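J.: Found this in TrEMBL, in case it helps:
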type     : residues               : note
BINDING  : Pro171                 : substrate binding site
BINDING  : His201                 : heme b binding site
BINDING  : Asp253, Thr256, Asp261 : Ca(2+) 2 binding site
DISULFID : Cys42-Cys123           : disulfide bond
DISULFID : Cys75-Cys80            : disulfide bond
DISULFID : Cys129-Cys330          : disulfide bond
DISULFID : Cys208-Cys240          : disulfide bond
SIGNAL   : 1-27                   : signal peptide
SITE     : Arg69                  : site 'Transition state stabilizer'
Amino acid sequence: MKGYRRALLDGMLFLLMIMLFVPVVHAAGSPPLRFGFYTRSCPGAESIVRRTVRRAVSHNPGIGAGLIRLHFHDCFVRGCDGSVLLKSLPGGPKAERDHPANNPGLRGFNVISKAKRRIERTCPNTVSCADILAFAARDSSQILGRINYPIPAGRRDGNVSSFNEVTQNLPSPRLSADQLIQNFARKGLSADEMVTLSGAHSIGRARCSSFSDRLYNFNGTQAQDPTLDRNYAASLRATCPVNGGSDPTVAMDPATPNRLDNRYYAELRAGRGLLTTDQTLAESPATRGYVDVNARSYGVAWAGKFGRAMVKMGSIDVLTGNQGEIRRSCSLVN
Ligand code: HEM
Ligand SMILES: *[C@@H]1O[C@H](CO)[C@@H](O)[C@H](O)[C@H]1NC(C)=O
Ligand SMILES: *[C@@H]1O[C@H](CO)[C@@H](O)[C@H](O)[C@H]1NC(C)=O
């Protein structure tokens, strides 16, 4: 009996050791992201970013939308490694920034460089541009949606930014629901998370060229996309000329363009999704259920889901530990 107890105790001790040891062994490879990563090395980092973002967004709320989108475009191409911030070098190959999915359209670059410069003054070579961008997207969600999620940090910056990888990785606004699901699945995100993150289209703007096919040349027999509400279509046509030389922008959610919330899903159900990829979420059987749940859920419940999905998106293929570098300037490799 005694021997049996002893064996049981030893077994339990052994299990405990494994449980304690496994994360340590894992950490020896490339450590996971951590909350409060800069608590010791740069305690002011997160608050410097927050102040910089607050100031910029109070002048122009659209910058908050821009920062959230910038983080998404960073994470989907080579992971969240700040590659979207790198400028093409003269004479060299084009960087992500110059891809039509990013240029023109992406905004918020100046806010990131400003925060970086302020941080470099107090703690040089310590805080990555990829982390600053993740903090800035979180702060924008807080300001525009009162969505307050802690975001783990410790991302390192990459040194490659490739035009072609944008084409391969970012979803185009004309994908079907099934294609969107596949695109996000390749990044480890579920269909539910894809629908939840699409709620970011409750803020910001889009250029007419991103959706004008829905107004004028939908297909051979119908000029207008039949899933688009008629009144909404008429107001969009008023802003977006048929063959306009210029490319104006419209608010993605005309009712509350600066409020990040789940109203977006109710709009989709009313045929007022702006992009094909927005409207299809409410039309396709593969995603309609998630749209319904998000439309009906309390704002705070959706906000919680959005925060968790942002944290997950923010951990896609990150560089940590000794990988990559801490860039001195966010638009240039060291
Ligand atoms: C589901 C696939 C997605 C597609 C196809 C898509 C596509 C687009 C397009 C075409 C625009 C307008 C760009 C322009 O015309 O200049 C846009 C804007 C925007 N997107 Fe997405 N997007 C997707 C998912 C996301 C996600 C996951 C986020 C963030 C979590 C996001 C955040 C935004 C924001 C905030 C804007 C407005 C940006 C601004 O006003 O500067 N999008 N998106
Ligand atoms: C055009 O779209 C309508 C509505 O979705 C559809 O019924 C019709 O078959 C389409 N026509 C062509 C030529 O694709
Ligand atoms: C990019 O970074 C890797 C390490 O992450 C390094 O081995 C490589 O030399 C760097 N390339 C350039 C062009 O700086």
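Cβ from N, Cα, C; glycine included.
Since we're looking at a predicted model, the values are computed, not measured.
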J.: Give the distance between the Cα atoms of Cys75 (disulfide bond) and Pro171 (substrate binding site), rounded to the nearest whole Å.
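T.: Between the Cα atoms of Cys75 (disulfide bond) and Pro171 (substrate binding site), the distance comes to 12 Å.
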J.: What's the CA-CA gap between Asp261 (Ca(2+) 2 binding site) and Cys330 (disulfide bond) in angstrom, rounded?
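T.: So the Cα of Cys330 (disulfide bond) lies 30 Å away from that of Asp261 (Ca(2+) 2 binding site).
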J.: With the cut-off set at 10 Å between Cβ atoms, which of these disulfide-bonded residues ends up with the most neighbours? Options: Cys129, Cys330.
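T.: Its Cβ has the most other Cβ atoms within 10 Å: Cys129.
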J.: Would you count the other CB atoms within 10 A of the CB of Cys80 (disulfide bond), including those on all shown protein chains?
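T.: Neighbour count, Cβ to Cβ under the 10 Å cut-off: 29.
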J.: Can you give me the residues near the recorded Ca(2+) 2 site, meaning same chain, not Asp253, Thr256, Asp261 themselves, Cβ no more than 8 Å from the center of the site's Cβ atoms?
T.: Ser202, Ile203, Ala255, Pro257, Asn258, Arg259, Leu260, Arg263, Tyr264
J.: Report the recorded positions (Cys75, Cys123, Cys240, Thr256) that meet this criterion: Cβ distance to the nearest atom of ligand 1 under 6 Å. Use sequence order and write none if nothing qualifies.
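T.: With ligand 1 as the reference and 6 Å as the Cβ limit, the list is empty: none.
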J.: Using Thr256 (Ca(2+) 2 binding site) as the reference point, find which of the recorded positions Arg69, Cys129, Cys240 has the shortest Cα-to-Cα distance to it.
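T.: Closest by Cα distance to Thr256 (Ca(2+) 2 binding site) among the recorded positions Arg69, Cys129, Cys240: Arg69.
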J.: Roughly how many angstrom lie between the C-alpha atoms of Cys129 (disulfide bond) and Cys42 (disulfide bond)?
T.: 14
